[in-house]
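The domain 'Peptidase M24' feature in TrEMBL is assigned to 11-239. Look at TrEMBL and you will find His77, His175 tagged as substrate binding site. What TrEMBL lists as divalent metal cation 1 binding site is Asp94, Asp105, Glu232. Taken from TrEMBL, the feature divalent metal cation 2 binding site covers Asp105, His168, Glu201, Glu232.
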Amino acid sequence: MITIKNAHQLEAMRQACKITAAARALAGEMVRPGVTTRQIDKAVHDFIVSQGAKPSFLNYSGYPASACISVNSTVIHGIPSDYALREGDIVSVDVGAYYKGFHGDCAATFPCGAISAEAQRLIDVTKQSFFEGLAFVRPGHRVSDISHAIQSYVESNGYSVVRAFVGHGVGAQLHEEPEVPNFGAPGHGPRLLPGMTLAIEPMVNMGTYQVHVLKDRWTTVTADGKLSAHYENTVLITDGEPEILTVAEGL
Ligand code: MF3
Ligand code: CO
């Protein structure tokens, strides 16, 4: 079942998403050579708690941290560690916060110091692919219209979209129906209706779309060792323009 949020629920969700977006921004500001991914995770954790919220990912299916921090060829679910970031790394940070009964979920890839032009282009194409999908986040369209727009844009830029992980509905649960793939033919899947909230999250690889999950059962890396980037926002379907809920303004 796809949940439709009422005005009261959406107000709580906006607040959860604002905290989540501020945590993403805070993490992004910390990305620089020498900082460990564990230090960033701690700052994310402490910030979310300071807002009276709970980190959505901590202990979710046994996940051991508050943020996923995925460097270079790690696609998603990188576990924070003593790894110290190096100049030229690209660093994907995924965060979630639970507040007043609702989750926010968002991610972005940040450059560590000076990065290669190719790496920057991967980050830019990944972010823009989210906005290509967002153009279809309206009543009258169906879920796979979003998927198709993302895939077409990514592939026309010479990159590939991860197939093994997808976006999702989000709300009282971190993962709700429907699944929102970043690939597929248009015109399929549920019809979009006002009050639905989706986490749209393209994961884009420079080479093959294939990924491997490491023995820790979380860390997901590209099969060919090439770079990967991630961009995610929680969005609300309205009668008109979609509303990006994971914006940090005013916090
Ligand atoms: N944004 C990711 C997702 O929606 C992060 C989940 S990490 C987990 O699935 F630890 F919570 F699983
Ligand atoms: Co998500």
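The backbone N, Cα and C atoms fix where each Cβ goes, glycine too.
Projection of TrEMBL feature records onto the structure.
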residue	record	contacts (Cβ under 8 Å, 6+ apart)
His77	substrate binding site	Tyr63, Cys68, Ser70, Asp94, Val213, Trp218, Thr219, Thr220
Asp105	divalent metal cation 1 binding site	Thr20, Ser56, Asp94, Val95, Gly96, Val170, Leu174, Ala199, Glu201, Glu232, Thr234, Thr246
His168	divalent metal cation 2 binding site	His175, Glu176, Glu177, Pro178, Glu179, Val180, Leu198, Ala199
Within 10 Å of the Cβ of Glu201 (divalent metal cation 2 binding site), how many other Cβ atoms can be counted across all chains shown? 26
Cβ-based neighbourhood (8 Å from the centroid) of the divalent metal cation 1 site, residues Asp94, Asp105, Glu232 excluded: Val95, Gly96, Cys106, Ala107, Ala199, Glu201, His230, Asn233, Thr234
Cβ under 6 Å from ligand 2: which of the binding-site residues His77, Asp94, Asp105, His175, Glu201 qualify? Asp105, Glu201
Show, in sequence order, which residues other than Asp105, His168, Glu201, Glu232 on the same chain lie with their Cβ within 8 Å of the centre of the Cβ atoms of the divalent metal cation 2 site. Asp94, Cys106, Ala107, Gly167, Val170, Val180, Leu198, Ala199, Ile200, Asn233, Thr234
